[in-house]
Amino acid sequence: MGAGGRMTEKEREKQEQLGRANGGAAYQRSPTDKPPFTLGQIKKAIPPHCFQRSIIKSFSYVVHDLVIVAALLYAALVWIPTLPSVLQLGAWPLYWVVQGCVMTGVWVIAHECGHHAFSDYSLLDDTVGLVLHSWLLVPYFSWKYSHRRHHSNTGSLERDEVFVPKQKEALAWYTPYIYNNPVGRLVHIVVQLTLGWPLYLALNASGRPYPRFACHFDPYGPIYNDRERAQIFISDVGVLAVSLALLKLVSSFGFWWVVRVYGVPLLIVNAWLVLITYLQHTHPALPHYDSTEWDWLRGALATMDRDYGILNRVFHNITDTHVAHHLFSTMPHYHAMEATKAIKPILGEYYQFDPTPVAKATWREAKECIYVEPEDRKGVFWYSNKF
(Lines of atoms letter the chains of each structure in order from A and count residues from 1; the text may use other names and numbers.)
(Lines give C-alpha, C1' and ligand atoms only; values in the text may rest on other atoms or scores of the structure.)
Protein backbone atom coordinates (compact mmCIF):
# COMPACT_ATOMS: atom_id res chain seq x y z
CA MET A 1 0.00 0.00 0.00
CA GLY A 2 1.51 3.29 -1.09
CA ALA A 3 1.37 6.89 0.08
CA GLY A 4 -2.05 8.22 0.85
CA GLY A 5 -3.35 4.70 1.52
CA ARG A 6 -3.70 3.67 -2.16
CA MET A 7 -4.46 0.00 -2.79
CA THR A 8 -3.23 -2.19 -5.59
CA GLU A 9 -5.82 -3.48 -8.04
CA LYS A 10 -5.55 -6.97 -6.52
CA GLU A 11 -6.18 -5.60 -3.02
CA ARG A 12 -9.13 -3.57 -4.29
CA GLU A 13 -10.72 -6.64 -5.93
CA LYS A 14 -10.35 -8.61 -2.70
CA GLN A 15 -11.96 -5.84 -0.70
CA GLU A 16 -14.91 -5.61 -3.10
CA GLN A 17 -15.38 -9.38 -2.92
CA LEU A 18 -15.47 -9.11 0.87
CA GLY A 19 -17.91 -6.25 0.50
CA ARG A 20 -20.27 -8.51 -1.44
CA ALA A 21 -19.96 -11.32 1.10
CA ASN A 22 -23.07 -10.31 3.04
CA GLY A 23 -25.19 -10.01 -0.06
CA GLY A 24 -25.01 -6.21 -0.22
CA ALA A 25 -23.60 -3.83 -2.78
CA ALA A 26 -19.86 -3.75 -3.33
CA TYR A 27 -17.95 -1.42 -1.05
CA GLN A 28 -14.30 -0.91 -0.33
CA ARG A 29 -13.18 -1.63 3.18
CA SER A 30 -11.03 0.87 4.98
CA PRO A 31 -7.33 -0.05 5.15
CA THR A 32 -6.24 -1.33 8.54
CA ASP A 33 -2.47 -1.02 8.26
CA LYS A 34 -0.84 1.85 10.10
CA PRO A 35 -1.33 4.91 7.87
CA PRO A 36 1.64 6.16 5.84
CA PHE A 37 0.96 9.66 7.17
CA THR A 38 0.85 11.29 10.59
CA LEU A 39 -1.68 13.54 12.26
CA GLY A 40 0.79 16.39 11.86
CA GLN A 41 0.96 15.84 8.10
CA ILE A 42 -2.84 15.87 7.90
CA LYS A 43 -3.01 19.09 9.90
CA LYS A 44 -0.36 20.71 7.70
CA ALA A 45 -2.60 20.15 4.65
CA ILE A 46 -5.42 22.19 6.21
CA PRO A 47 -5.37 26.00 5.81
CA PRO A 48 -4.45 27.52 9.20
CA HIS A 49 -7.56 29.71 9.33
CA CYS A 50 -9.71 26.57 9.55
CA PHE A 51 -8.61 26.19 13.17
CA GLN A 52 -9.60 29.73 14.13
CA ARG A 53 -12.76 30.10 16.25
CA SER A 54 -14.85 33.26 15.99
CA ILE A 55 -17.26 34.25 18.75
CA ILE A 56 -19.25 36.43 16.36
CA LYS A 57 -19.53 33.74 13.71
CA SER A 58 -20.35 31.01 16.21
CA PHE A 59 -23.07 33.11 17.83
CA SER A 60 -24.46 33.97 14.41
CA TYR A 61 -25.33 30.31 13.95
CA VAL A 62 -26.95 30.19 17.39
CA VAL A 63 -29.06 33.25 16.60
CA HIS A 64 -29.90 31.94 13.12
CA ASP A 65 -31.19 28.63 14.47
CA LEU A 66 -33.06 30.11 17.43
CA VAL A 67 -34.80 32.68 15.21
CA ILE A 68 -36.06 29.86 13.00
CA VAL A 69 -37.14 27.88 16.08
CA ALA A 70 -39.03 30.94 17.36
CA ALA A 71 -40.67 31.55 13.98
CA LEU A 72 -41.81 27.95 13.76
CA LEU A 73 -43.10 28.09 17.33
CA TYR A 74 -45.06 31.24 16.48
CA ALA A 75 -46.59 29.46 13.49
CA ALA A 76 -47.55 26.52 15.70
CA LEU A 77 -49.16 28.72 18.35
CA VAL A 78 -50.80 31.34 16.16
CA TRP A 79 -51.19 30.16 12.59
CA ILE A 80 -51.83 26.40 12.73
CA PRO A 81 -54.82 26.66 15.15
CA THR A 82 -56.59 28.95 12.66
CA LEU A 83 -56.43 26.37 9.88
CA PRO A 84 -59.33 24.04 9.06
CA SER A 85 -59.10 20.73 10.88
CA VAL A 86 -58.16 18.84 7.73
CA LEU A 87 -55.23 21.15 7.03
CA GLN A 88 -54.09 20.96 10.65
CA LEU A 89 -53.60 17.23 10.17
CA GLY A 90 -50.86 18.05 7.70
CA ALA A 91 -49.57 21.24 9.30
CA TRP A 92 -48.70 19.72 12.68
CA PRO A 93 -46.52 16.88 11.27
CA LEU A 94 -44.79 19.45 9.03
CA TYR A 95 -44.08 21.62 12.07
CA TRP A 96 -42.78 18.63 14.04
CA VAL A 97 -40.38 17.52 11.32
CA VAL A 98 -39.02 20.97 10.45
CA GLN A 99 -38.76 22.09 14.07
CA GLY A 100 -37.09 18.82 15.03
CA CYS A 101 -34.48 19.23 12.28
CA VAL A 102 -33.70 22.84 13.23
CA MET A 103 -33.46 21.90 16.91
CA THR A 104 -31.02 19.16 15.91
CA GLY A 105 -28.86 21.93 14.48
CA VAL A 106 -29.00 23.64 17.89
CA TRP A 107 -27.95 20.33 19.47
CA VAL A 108 -24.93 20.22 17.14
CA ILE A 109 -23.86 23.73 18.18
CA ALA A 110 -24.00 22.68 21.84
CA HIS A 111 -21.97 19.64 20.83
CA GLU A 112 -19.35 22.01 19.44
CA CYS A 113 -19.28 23.80 22.79
CA GLY A 114 -18.47 20.48 24.44
CA HIS A 115 -15.47 20.15 22.12
CA HIS A 116 -14.27 23.72 22.82
CA ALA A 117 -14.92 24.50 19.14
CA PHE A 118 -17.32 27.40 19.77
CA SER A 119 -14.84 30.04 20.96
CA ASP A 120 -11.40 30.48 22.50
CA TYR A 121 -12.95 30.70 25.97
CA SER A 122 -13.83 27.46 27.77
CA LEU A 123 -16.17 29.16 30.24
CA LEU A 124 -18.17 30.73 27.42
CA ASP A 125 -18.32 27.42 25.56
CA ASP A 126 -19.56 25.58 28.63
CA THR A 127 -22.12 28.26 29.46
CA VAL A 128 -23.61 28.25 25.95
CA GLY A 129 -23.47 24.46 25.77
CA LEU A 130 -25.11 24.04 29.18
CA VAL A 131 -28.00 26.37 28.28
CA LEU A 132 -28.65 24.87 24.83
CA HIS A 133 -28.29 21.24 25.86
CA SER A 134 -30.38 21.68 29.02
CA TRP A 135 -33.14 23.14 26.84
CA LEU A 136 -33.03 19.85 24.91
CA LEU A 137 -32.98 17.80 28.16
CA VAL A 138 -29.36 16.76 27.66
CA PRO A 139 -27.03 16.69 30.70
CA TYR A 140 -24.33 18.83 29.10
CA PHE A 141 -21.26 18.06 31.21
CA SER A 142 -22.23 14.41 31.63
CA TRP A 143 -22.40 13.97 27.89
CA LYS A 144 -19.32 16.16 27.32
CA TYR A 145 -17.07 13.89 29.36
CA SER A 146 -18.38 10.57 28.05
CA HIS A 147 -18.27 11.94 24.49
CA ARG A 148 -14.69 13.09 25.00
CA ARG A 149 -13.78 9.52 25.91
CA HIS A 150 -15.53 8.33 22.76
CA HIS A 151 -13.25 10.61 20.73
CA SER A 152 -10.22 9.36 22.65
CA ASN A 153 -11.10 5.70 22.03
CA THR A 154 -13.01 5.56 18.73
CA GLY A 155 -12.98 2.12 17.17
CA SER A 156 -11.78 0.38 20.33
CA LEU A 157 -13.83 -2.66 21.31
CA GLU A 158 -12.79 -2.28 24.95
CA ARG A 159 -12.85 1.49 25.55
CA ASP A 160 -15.12 3.24 23.03
CA GLU A 161 -18.22 4.76 24.59
CA VAL A 162 -20.99 4.59 22.00
CA PHE A 163 -22.38 1.99 19.58
CA VAL A 164 -19.76 -0.50 20.69
CA PRO A 165 -20.44 -3.68 18.68
CA LYS A 166 -20.53 -7.07 20.33
CA GLN A 167 -18.78 -10.21 19.27
CA LYS A 168 -20.92 -13.12 18.17
CA GLU A 169 -20.53 -15.13 21.37
CA ALA A 170 -21.79 -12.19 23.43
CA LEU A 171 -25.10 -11.89 21.58
CA ALA A 172 -28.37 -12.91 23.20
CA TRP A 173 -29.94 -16.14 21.97
CA TYR A 174 -32.85 -14.28 20.35
CA THR A 175 -30.68 -11.96 18.25
CA PRO A 176 -31.03 -13.91 14.95
CA TYR A 177 -34.83 -13.84 15.28
CA ILE A 178 -34.80 -10.05 15.53
CA TYR A 179 -32.29 -9.11 12.86
CA ASN A 180 -32.86 -11.88 10.33
CA ASN A 181 -36.44 -10.97 9.52
CA PRO A 182 -37.77 -7.66 8.19
CA VAL A 183 -40.40 -7.18 10.90
CA GLY A 184 -37.97 -7.69 13.77
CA ARG A 185 -35.42 -5.46 12.07
CA LEU A 186 -37.97 -2.69 11.60
CA VAL A 187 -39.07 -2.92 15.23
CA HIS A 188 -35.43 -2.71 16.31
CA ILE A 189 -34.85 0.42 14.22
CA VAL A 190 -38.01 2.11 15.56
CA VAL A 191 -37.12 1.32 19.17
CA GLN A 192 -33.54 2.49 18.64
CA LEU A 193 -34.65 5.81 17.13
CA THR A 194 -37.36 6.53 19.71
CA LEU A 195 -35.85 5.18 22.93
CA GLY A 196 -32.16 4.85 22.10
CA TRP A 197 -31.01 8.26 23.33
CA PRO A 198 -32.84 8.32 26.70
CA LEU A 199 -31.83 4.70 27.30
CA TYR A 200 -28.21 5.58 26.60
CA LEU A 201 -28.30 8.49 29.03
CA ALA A 202 -30.19 6.61 31.75
CA LEU A 203 -28.90 3.04 31.37
CA ASN A 204 -25.80 3.31 29.16
CA ALA A 205 -27.56 1.23 26.48
CA SER A 206 -25.22 0.54 23.52
CA GLY A 207 -22.31 1.99 25.52
CA ARG A 208 -19.17 0.26 26.75
CA PRO A 209 -19.55 -2.15 29.66
CA TYR A 210 -18.67 -0.87 33.13
CA PRO A 211 -18.08 -2.95 36.28
CA ARG A 212 -21.27 -1.52 37.80
CA PHE A 213 -24.39 0.39 36.84
CA ALA A 214 -23.56 3.42 34.67
CA CYS A 215 -25.85 6.41 34.19
CA HIS A 216 -25.18 9.87 32.78
CA PHE A 217 -27.22 11.46 35.57
CA ASP A 218 -25.24 9.82 38.37
CA PRO A 219 -22.30 11.98 39.53
CA TYR A 220 -20.85 9.01 41.43
CA GLY A 221 -21.20 6.53 38.56
CA PRO A 222 -18.21 4.76 37.00
CA ILE A 223 -18.26 6.98 33.90
CA TYR A 224 -16.86 9.97 35.82
CA ASN A 225 -13.88 10.72 38.02
CA ASP A 226 -13.73 12.85 41.15
CA ARG A 227 -12.79 16.05 39.29
CA GLU A 228 -15.89 15.80 37.10
CA ARG A 229 -18.57 15.01 39.68
CA ALA A 230 -19.45 18.60 40.62
CA GLN A 231 -20.14 19.44 36.98
CA ILE A 232 -22.36 16.37 36.65
CA PHE A 233 -24.48 17.86 39.43
CA ILE A 234 -24.66 21.11 37.45
CA SER A 235 -25.84 19.17 34.39
CA ASP A 236 -28.54 17.49 36.46
CA VAL A 237 -29.69 20.87 37.79
CA GLY A 238 -29.92 22.21 34.24
CA VAL A 239 -32.09 19.32 33.06
CA LEU A 240 -34.17 19.49 36.24
CA ALA A 241 -34.78 23.23 35.78
CA VAL A 242 -36.05 22.73 32.23
CA SER A 243 -38.16 19.77 33.36
CA LEU A 244 -39.79 21.90 36.06
CA ALA A 245 -40.47 24.62 33.49
CA LEU A 246 -42.14 22.04 31.27
CA LEU A 247 -44.28 20.87 34.18
CA LYS A 248 -45.32 24.49 34.72
CA LEU A 249 -46.34 24.70 31.07
CA VAL A 250 -48.28 21.46 31.43
CA SER A 251 -50.20 22.90 34.39
CA SER A 252 -50.93 26.07 32.43
CA PHE A 253 -51.68 24.77 28.94
CA GLY A 254 -52.13 21.02 29.29
CA PHE A 255 -50.05 17.92 28.68
CA TRP A 256 -50.92 17.48 25.03
CA TRP A 257 -50.15 21.12 24.27
CA VAL A 258 -46.58 20.59 25.52
CA VAL A 259 -46.32 17.33 23.60
CA ARG A 260 -47.43 19.00 20.35
CA VAL A 261 -45.28 22.09 20.71
CA TYR A 262 -42.12 20.66 22.31
CA GLY A 263 -42.31 16.93 22.93
CA VAL A 264 -42.66 15.62 19.39
CA PRO A 265 -39.92 17.87 17.95
CA LEU A 266 -37.66 16.71 20.78
CA LEU A 267 -38.36 13.08 19.87
CA ILE A 268 -37.27 13.91 16.33
CA VAL A 269 -34.09 15.53 17.65
CA ASN A 270 -33.34 12.38 19.63
CA ALA A 271 -34.03 10.19 16.60
CA TRP A 272 -31.69 12.22 14.39
CA LEU A 273 -29.01 12.18 17.06
CA VAL A 274 -29.11 8.40 17.34
CA LEU A 275 -29.31 7.86 13.58
CA ILE A 276 -26.49 10.25 12.74
CA THR A 277 -24.19 8.71 15.34
CA TYR A 278 -25.15 5.17 14.35
CA LEU A 279 -24.44 5.75 10.66
CA GLN A 280 -21.18 7.55 11.38
CA HIS A 281 -19.76 4.55 13.21
CA THR A 282 -21.62 1.58 11.74
CA HIS A 283 -20.79 0.41 8.22
CA PRO A 284 -19.53 -2.87 6.70
CA ALA A 285 -16.43 -1.00 5.49
CA LEU A 286 -15.39 0.19 8.95
CA PRO A 287 -13.07 -1.86 11.17
CA HIS A 288 -12.95 -2.11 14.94
CA TYR A 289 -9.85 -3.03 16.91
CA ASP A 290 -9.02 -4.78 20.13
CA SER A 291 -6.20 -3.63 22.40
CA THR A 292 -3.57 -5.53 20.44
CA GLU A 293 -4.17 -3.48 17.28
CA TRP A 294 -5.90 -0.24 18.24
CA ASP A 295 -4.22 3.12 18.03
CA TRP A 296 -5.77 6.58 18.11
CA LEU A 297 -5.27 7.56 14.47
CA ARG A 298 -6.64 4.36 12.96
CA GLY A 299 -9.55 4.52 15.38
CA ALA A 300 -10.33 8.14 14.46
CA LEU A 301 -10.29 7.18 10.78
CA ALA A 302 -12.78 4.36 11.41
CA THR A 303 -15.74 6.65 10.85
CA MET A 304 -17.96 7.38 7.86
CA ASP A 305 -18.99 10.63 6.21
CA ARG A 306 -22.56 10.52 4.88
CA ASP A 307 -24.74 12.66 2.63
CA TYR A 308 -28.02 13.91 4.10
CA GLY A 309 -28.77 16.29 1.25
CA ILE A 310 -30.10 19.67 2.36
CA LEU A 311 -29.98 18.49 5.97
CA ASN A 312 -26.18 18.61 5.86
CA ARG A 313 -26.50 22.39 6.16
CA VAL A 314 -29.29 22.22 8.72
CA PHE A 315 -27.13 19.91 10.85
CA HIS A 316 -24.09 22.19 10.40
CA ASN A 317 -22.28 19.53 8.36
CA ILE A 318 -21.71 17.17 11.27
CA THR A 319 -22.97 14.50 8.87
CA ASP A 320 -20.60 14.93 5.92
CA THR A 321 -17.45 16.14 7.73
CA HIS A 322 -17.30 13.66 10.58
CA VAL A 323 -13.92 12.24 9.61
CA ALA A 324 -12.34 15.68 9.90
CA HIS A 325 -14.24 16.24 13.15
CA HIS A 326 -12.74 13.11 14.69
CA LEU A 327 -9.26 14.16 13.65
CA PHE A 328 -9.60 17.76 14.84
CA SER A 329 -12.58 18.06 17.17
CA THR A 330 -11.80 21.65 18.25
CA MET A 331 -12.22 22.89 14.68
CA PRO A 332 -15.45 24.91 14.26
CA HIS A 333 -18.06 23.40 11.97
CA TYR A 334 -18.03 26.34 9.56
CA HIS A 335 -14.50 25.39 8.48
CA ALA A 336 -15.05 21.63 8.36
CA MET A 337 -16.04 21.43 4.68
CA GLU A 338 -12.89 23.24 3.59
CA ALA A 339 -10.79 21.06 5.88
CA THR A 340 -12.39 17.87 4.58
CA LYS A 341 -11.59 18.86 1.01
CA ALA A 342 -7.99 19.56 2.02
CA ILE A 343 -7.37 16.24 3.79
CA LYS A 344 -8.89 13.89 1.22
CA PRO A 345 -5.74 13.69 -0.95
CA ILE A 346 -3.65 12.89 2.14
CA LEU A 347 -6.02 10.26 3.52
CA GLY A 348 -6.59 8.50 0.21
CA GLU A 349 -8.25 5.13 0.82
CA TYR A 350 -8.39 5.90 4.54
CA TYR A 351 -11.09 8.49 3.89
CA GLN A 352 -14.53 6.88 3.96
CA PHE A 353 -17.64 8.42 2.39
CA ASP A 354 -20.92 6.68 1.56
CA PRO A 355 -23.54 8.55 -0.53
CA THR A 356 -26.17 5.83 0.03
CA PRO A 357 -29.55 7.44 0.86
CA VAL A 358 -30.08 7.55 4.61
CA ALA A 359 -33.14 5.30 4.76
CA LYS A 360 -31.50 2.65 2.58
CA ALA A 361 -28.26 2.85 4.56
CA THR A 362 -30.11 2.48 7.87
CA TRP A 363 -31.85 -0.67 6.65
CA ARG A 364 -28.65 -2.13 5.20
CA GLU A 365 -26.57 -1.47 8.32
CA ALA A 366 -29.29 -2.93 10.57
CA LYS A 367 -29.26 -6.03 8.38
CA GLU A 368 -25.53 -6.50 7.83
CA CYS A 369 -23.84 -5.00 10.91
CA ILE A 370 -25.05 -7.26 13.71
CA TYR A 371 -21.78 -8.27 15.39
CA VAL A 372 -18.04 -8.12 14.73
CA GLU A 373 -15.51 -10.87 14.29
CA PRO A 374 -11.85 -11.10 13.21
CA GLU A 375 -11.05 -12.44 9.77
CA ASP A 376 -7.54 -12.73 8.32
CA ARG A 377 -5.88 -10.53 10.88
CA LYS A 378 -6.09 -11.02 14.61
CA GLY A 379 -7.11 -7.91 16.49
CA VAL A 380 -8.99 -6.36 13.56
CA PHE A 381 -12.75 -6.96 13.60
CA TRP A 382 -15.33 -6.58 10.83
CA TYR A 383 -19.10 -6.51 10.88
CA SER A 384 -20.97 -9.68 9.97
CA ASN A 385 -24.51 -11.10 10.04
CA LYS A 386 -23.82 -14.81 9.64
CA PHE A 387 -25.58 -17.14 12.11
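Placed from the backbone N, Cα and C atoms, the Cβ positions cover glycine too.
Annotations in TrEMBL come from automatic prediction, not curation.
The annotation region 'Disordered' is assigned in TrEMBL to 1-34.
Annotation comment: TrEMBL describes 7-17 as compositional bias 'Basic and acidic residues'.
For 10-72, the entry in TrEMBL reads domain 'Fatty acid desaturase N-terminal'.
Under the heading transmembrane segment, TrEMBL lists 61-80 (among others).
Residues or ranges marked as domain 'Fatty acid desaturase' by TrEMBL: 91-351.
The transmembrane segment annotation in TrEMBL covers 92-110 (among others). Beyond the transmembrane segment (92-110), the same-chain residues lying 6 or more positions past its ends with a Cβ under 8 Å from any Cβ of the stretch are 58, 61-62, 65-66, 68-69, 72-73, 75-76, 80, 118, 128-129, 132-133, 135-136, 138, 140, 260, 264-269, 271-273, 311, 314-316, 318, 333.
TrEMBL lists 237-256 (among others) with the feature transmembrane segment. Same-chain neighbours of the transmembrane segment (237-256): 130-131, 133-135, 137-140, 217, 262, counting only residues six or more beyond its ends whose CB sits under 8 Å from a CB of the stretch.
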